[in-house]
Amino acid sequence: MQWALGRRWVWAALLLAAAAVLTQVVWLWLGTQSFVFQHEEIAQLARQYAGLDHELAFSRLIVELRRLHPGHVLPDEELQWVFVNAGGWMGAMCLLHASLSEYVLLFGTALGSRGHSGRYWAEISDTIISGTFHQWREGTTKSEVFYPGETVVHGPGEATAVEWGPNTWMVEYGRGVIPSTLAFALADTIFSTQDFLTLFYTLRAYARGLRLEFTTYLFGQDS
């Protein structure tokens, strides 16, 4: 009995050590990456269009991002609004850029929604174009409310409760281990809604982003 208990402790210690090593390797890898976008750059661009009709704001933002970062934003024919079910909430996203370490997307909800933010190996910032974003941070007893032009930052490993009012739309930038965010983003789709067409759309959008980055890396911005 004691021998079996000892083995369990050994395995637990080994798993914790492996997790610690993996975490260190991941952050060392991120430290070697050269990033296309910056958090403040995306936030400043989004703030320019805060308060406008969200569709007009998004169209202008896309034009500006393509001007500043040619070869890194998906073309119009590959942009698609896709439902996202995660953490008990429902929204929609339109992916503009994706790689192994970054993404830029448009996100929001026409009806309003609330749920769990998820925990990620990534830092995520959302700059609000319209509507309201309520955030209740873990370990606190009060929530915060963010309005158009303000930026909400979600740090690596953090968890919050989130709530968006009707017609809340924002620009989101994520930096970190982006494939690790897919498990949370797709869990409700796989195990709850079982909307496998949406699952396909989501994976296709990410694959398109990776393909664009690979093509730009190999052949340059004009490919």
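Backbone N, Cα and C atoms are what each Cβ position is placed from, and that goes for glycine too.
The model shown is predicted, which means the values in this text are computed figures rather than measured ones.
Swiss-Prot lists 2-8 with the feature region 'Targeting to endoplasmic reticulum-associated lipid droplets', giving similarity to another entry as the kind of evidence. Among the features that Swiss-Prot reports, region 'Important for ligand-binding' is placed at 99-106. Residues annotated as region 'C-terminal hydrophobic region' in Swiss-Prot: 177-223. The site 'Important for ligand binding' feature in Swiss-Prot is assigned to D126, E172. Among the features that Swiss-Prot reports, topological domain 'Lumenal' is placed at 1-9, with the record citing similarity to another entry. The annotation topological domain 'Cytoplasmic' is assigned in Swiss-Prot to 31-223 on the grounds of similarity to another entry. Residues annotated as transmembrane segment in Swiss-Prot, with similarity to another entry given as evidence: 10-30.
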Given a Cβ distance threshold of under 8 angstroms, which distant residues of the chain, six or more beyond its ends, lie next to the region 'Important for ligand-binding' (99-106)? 30, 33, 35-37, 42, 58, 61, 65, 73, 93, 169-179, 209-210, 213
What does DSSP give as the helix, strand and coil breakdown of the region 'Important for ligand-binding' (99-106)? 0 helix, 5 strand, 3 coil
Using DSSP, how many residues of the region 'C-terminal hydrophobic region' (177-223) fall into helix, strand and coil, respectively? 40 helix, 0 strand, 7 coil
